[in-house]
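So that you can see what the record holds, here are the features copied from TrEMBL:
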| type | residues | note |
| --- | --- | --- |
| DOMAIN | 19-305 | domain 'ABC transmembrane type-1' |
| TRANSMEM | 21-44 | transmembrane segment |
| TRANSMEM | 56-74 | transmembrane segment |
| TRANSMEM | 132-155 | transmembrane segment |
| TRANSMEM | 161-181 | transmembrane segment |
| TRANSMEM | 244-267 | transmembrane segment |
| TRANSMEM | 279-303 | transmembrane segment |
| DOMAIN | 340-557 | domain 'ABC transporter' |
Ligand SMILES: Nc1ncnc2c1ncn2[C@@H]1O[C@H](COP(=O)(O)OP(=O)(O)OP(=O)(O)O)[C@@H](O)[C@H]1O
């Protein structure tokens, strides 16, 4: 219930569209009920008039029937238009709302989620939240308003028929949806979790195609997916059964209600306390009144899934970011020397220290080389500077300003990173460069590419700057991808440079070109160079070695 109320609160921003959609829904149903009831009355009345049993004024009812038919058609069109607009607005509001809360969690708090599962939450789970408005809230409110109007009108003609209709509507509109919700809740929750898991596993499989083929493990992997699919199909079968049972029960109740309404009103017509044509009107009115509630059992059956999706979204949204932003940001630093004073970092309370009592100073425009075995804590130094993680002890200052008093975005705006796995997006070289500076001109890009030592190669490509780099830059060689990343750093022109194994995985020739490009990039920037290749450290004055998070020895090269 708490999740449902929280979901309702999220519907806020586009409430006008939603309310208009509901009112139009009421107009459509009331017009439809009115049209059928009036038509029934009119046809029966005309029949009796033809037999000379009744005098009837037909001009007004005929005009009203036309008016109701037009209102129904026009209302339906407008209702679809408005409810879709409301839904799309709602979806876009929800996506922005979610993204704003997701961003501060990256990368620290998102690492426990698998990429495919995260994608599933961002896309499918958010998408399914529109059910709340489109399939639950709007039809429920519409049903309530229509029921009041229809029963109010029917009660004036026959209290007994109104009572029968009330009972039928309560069963189909309240009891059945509740039963369907209870029956579908568990399987819905399981289906949402299973779909997320499947997406994550399939994303993993697609990424690991090459390995699976090389090791001949494709069949084993796909059989795992098949088992999960079989489970999902069983859940879907159960959901369909619940929906079919609810649909069948609703149909039965509709007919039974109409029969009951006739049973109580026909004796009144026989006793001449009710005009004959009213019987036809009552029958059709009762039948049509179920239009207002017929969608509810199916909608409430799906509500279990929607709530499960909402819970998965709230789970992420409620996560505390790893780094708390300062309430008020300090004045920006004027210089960019970096000081670590007795800094200690632990990624998790249960884990060992990744950095312990680390102190160093890099003068503005100077460089520090950090060496160390794998897992010794080198990358963690960069993680702290980028404000991806919070350190538990000590102090880090940039230009004399404690970085805890600067926002994460501000700190990241001061830094450019080139790592072994710097990500290139699956788009053109031009677009990959624009990430660093969206307004960069072609001339600026070319200058950055020249400084990175790759301009001639880009020019020689048939599409030049518009060459697509492929997924993770796979259409470029390792050295070229690294140099495009360096060009991006030139364009960003940040005062701090974090180089994390920038030449790792390159052959001697590429390494030489990349080191030269980095030499140009380092000019005038405060540089933290993480490497275990002495070649890359050749012109770095200050070098230290980390072991298990502590500074082992300092040396000058
Ligand atoms: N995001 C993280 N979550 C939890 N633990 C982490 C995380 N990143 C690093 N660690 C742990 O912190 C320690 C230091 O890791 P770090 O990546 O800083 O070492 P490194 O010297 O850069 O290693 P490598 O050379 O292999 O990249 C390791 O024990 C590692 O398992």
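The backbone N, Cα and C atoms fix where each Cβ goes, and this holds for glycine too.
Keep in mind that TrEMBL annotations are predicted by a computer and have not been checked by a curator.
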If we skip the immediate neighbours and take only residues 6+ beyond the ends of the transmembrane segment (132-155), which ones have a Cβ under 8 Å from one of its Cβ atoms?
4, 7-8, 11, 18, 21-22, 25-26, 29-30, 33, 83, 86-87, 90, 161-162, 165-166, 169, 173, 282, 285-286, 289, 291-293, 295-296, 298-300, 302-303, 306, 310
May I ask which of the stretches 21-44, 244-267, 279-303 has the most CB pairs under 8 A with the transmembrane segment (161-181)?
279-303
What same-chain residues lie close to the transmembrane segment (56-74): Cβ under 8 Å, and 6 or more beyond its ends?
27-28, 31-32, 34-35, 38-39, 41-42, 45-46, 48-49
Taking residues 6+ outside the transmembrane segment (279-303), which of them lie with a CB under 8 Å of any CB in it?
4, 29, 32-33, 36-41, 43-44, 131-132, 135-136, 139-140, 142-143, 146-147, 150-151, 153-154, 157-158, 161, 164-165, 168-169, 172-173, 176-181, 183-185, 188, 239, 242-243, 246-247, 249-250, 254, 257-258, 261-262, 265-266, 269
Report, as numbers and ranges, which residues of the same chain sit near the transmembrane segment (21-44): CB under 8 Å and 6 or more residues beyond its ends.
58, 61-62, 64-65, 68-69, 71-72, 75-76, 78-79, 82-83, 85-86, 138-139, 141-142, 145-146, 149-150, 276-285, 287-289, 291-292
How does the model score the domain 'ABC transporter' (340-557) in terms of mean pLDDT?
89
